[in-house]
Amino acid sequence: MYGLVVCLFGMIFGLIQYQGINKLPVHAAMKEISDLIYETCKTYLITQGKFIIILWALVAAIIVAYFGGLNHLAPDKVVFILACSLLGIAGSYTVAWFGMRINTFANSRTAFASLGGKPFPTYAIPLRAGMSIGMLLISIELFAMLCILLFIPVDYAGPCFIGFAIGESLGASVLRIAGGIFTKIADIGSDLMKIVFKIKEDDARNPGVIADCTGDNAGDSVGPTADGFETYGVTGVALISFILLAIKDPSIQVSLLVWIFAMRLVMIVASAVSYWVNDALAKMKYGNADEMNFEKPLITLVWLTSIVSIVLTYIASYMLIAQLGDGTMWWKLASIITCGTIAGALIPELVDRFTSTECAFVRNVVQCSKEGGAALNILSGLVAGNFSAYWMGLAIIVLMGAAFGFSTLGLDVMMLAPSVFAFGLVAFGFLSMGPVTIAVDSYGPVTDNAQSVYELSLIETLPNISNSIESEFGFKPDFENAKRYLEANDGAGNTFKATAKPVLIGTAVVGSTTMIFSIIMILTGGLADTGAIAKLSILWPPFLLGLLMGGAVIYWFTGASMNAVTTGAYYAVAFIKKNIKLDGVTKASTEDSKKVVEICTRFAQKGMINLFLTIFFSTLAFACLESYLFIGYLISIALFGLYQAIFMANAGGAWDNAKKVVETELHAKGTELHDASVVGDTVGDPFKDTSSVALNPIIKFTTLFGLLAIELAIKLPTTISVSLAVVFFLLSLVFVHRSFFSMRIAVDKD
């Protein structure tokens, strides 16, 4: 029950921050723009909600077949599992809506705060909004899981956890993928106008700008928030499944389950304490400063939270499991989680080395662009992405290796496959400062939108605006410094938007090993069947074929998601070029802006259908075809997906901040150098915000859904199973074909 109290504390913390941001001062012109962005986002999110329910019907059919037909659960219990899956969807959807709402409050308040002549409020408001999202997200997710654990009978809680996690994963997959497509169609459509018409960023006359602002929330707020909610849920379910399958002693099971949930409560406390301490330190240092490095206090917050979290992990472990095993298990398990916590702090630091405006790789992109234009800009960005994948992969390997080392110190007495449990705890440790990870990720869309709100409000052109602001709000606005603060803060936002992506994809990959182990336990009779275990090898051809197939699907997924962006952007650009009016108007018409939003929504929906249904039918096909082929497929998706996602996310981040350097430091807007940087940023848009980020929920959904699919498949007669595999595979090919040809741009005849 203490856990529920801590969850309520986290929710109250988030809601208090929400109310506080809503009450911050804001000029009417800026509030009008942020309200318009919110209304557009609301329409988009309602559309996606209807779409999620349609896809849920497909998943629900498999849940009914598995729990009702295969396991012969009573109808009322099957209905309750379905209700838990809907609860998972509702959780993802609710926190996504909350994140979108508070960010659309924060963007206009940040834009207005920049006029005060001091940079600190421009930093503090986006972070405050992010902490509100992070604390509420983790608290709601944990509250739901604690309710299942505490109030559902033990023999029935497992299926409810599975249903809840599948619902979370479905909601996150749709919102993350569709949001990623939407935002980059809008972003590219808006950005390319800077080259075509030589207009400034966020020019109010550009009909694509409102869609771009909507996309910042749909792709960089709604998607990541739902993704974060799902990540914490699925990682927890994977560990719960392992404990129930690999540990035979009920008393040890109970001790470890209590400990796991206590560690999740620790992350809430650690994040809240660290935020308050960091806020006080940042205020002392920068509160009255005229200049500040916006990245510095964010980096401090990440490391401070990791240190507090590690200390509390050891303290809580000693208090809860000091008597477990030989009396040393508490520090061994705490040390394994600490490996993940260090990874959660180290990965953002590594991301900073490849995407920050100050880093050597971004400076290399800028320098290459000066002589080689867009061609060398793109090549040097690819270099940054590839190098980042190496170093982040190495960091993850070293820390997983350390966790494996701890797992050899006697854990095998308590459980089967202790190394798998260790890897699951590493994934858990990745998330040990969850609210802060979400907060620094949410920082980016607010800073991006704040810049747009400032420009779209046309506040500098309003009659007698300086005197009006001084009269109403009590200060003289500083327009020049305001723009400079917003641009510099956006650079920090770009960097920290990039930091959460590898953390989340890392948890998907490391955590998926735990879920794959659950499938292996089913196939090998609890690791007792040596003949079955021998098939987990490249000496068993189906396993090798599965490894090859997983890589193929990852590369198709990358191409199909980018194609959805490319096609949508083509039509958005064509519409904007045809309808933009630059003479005699101060802003684009509402009708034209809505039309661009409509184009983005249409292609996001079409792309999402093809992507999700291909993954859905492929999972069923390979599970039905051959069990060990399916294991190879899952492993391959995780490994290929990890490096593809890291490479794409950081290459995109490097291109984005190279453009920021050209604009804010070199003041080269409107030059050939700027054009080259815009081209690079355009290529990077779907890299970092569509394909890479969508791989995280897809890996988790495939693994989690695969757990049901494989159990269904192995209990079917071989003839029926293979026949279904053929049918499902052909259906997947239909949507693979549609992912290009149904969205192909018509070729001009001339």
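Glycine too: its Cβ is placed from the backbone N, Cα and C atoms.
Note that the structure is predicted; figures quoted are calculated from it, not measured.
Per Swiss-Prot, Ca(2+) is bound by ASP681, ASP685; the candidate from ASP656, ASP675 named for the same site is ASP656. Here the transmembrane segment (420-440) sits apart from the transmembrane segment (716-736); fewer than 3 CB pairs are under 8 Å, leaving out pairs fewer than 6 apart in sequence. Taking the centre of the Cβ atoms of ASP656, ASP681, ASP685 as the Ca(2+) site, the nearby residues of that chain (Cβ within 8 Å, site residues left out) are ASP187, ASP191, GLY652, TRP655, LYS659, GLY680, THR682, VAL683, GLY684, LYS688.
Proximity of the transmembrane segment (78-98) to the transmembrane segment (227-247) is established through 3 or more Cβ-Cβ distances under 8 Å for residue pairs spaced 6 or more apart. Taking the C-alpha positions, the distance from ASP656 (Ca(2+) binding site) to ASP216 (Mg(2+) 2 binding site) comes to 14 Å. Scored by C-beta pairs under 8 angstroms, the transmembrane segment (227-247) has its highest count with 503-523, from the stretches 133-153, 503-523, 538-558, 716-736. Around ASP685 (Ca(2+) binding site), the same-chain residues six or more apart in sequence whose CB sits under 8 Å from its CB are LYS184, ASP187, ILE188, ASP191, VAL565, GLY652, ASP656, listed in sequence order. Take the binding-site residues ASP187, ASP191, ASP216, ASP656: by the count of other Cβ atoms within 10 Å of each Cβ, the lowest one is ASP191. Counting only same-chain residues six or more apart in sequence, the Cβ atoms lying under 8 angstroms from the Cβ of ASP448 (Mg(2+) 2 binding site) belong to ASP216, ASP220, ASP490, GLY493, ASN494. If one looks beyond the transmembrane segment (694-714) by at least 6 residues along the same chain, the residues whose Cβ comes under 8 Å of a Cβ in the stretch are 59, 62-63, 65-66, 70, 162, 165-166, 169-170, 172-173, 176-177, 180, 227, 230-231, 234, 237, 241, 501, 504-505, 507-509, 511-512, 515-516, 518-519, 522-523, 554, 557-558, 561, 611, 615-616, 619-620, 623-624, 627, 630, 634, 637-638, 641, 644-645, 721, 724.
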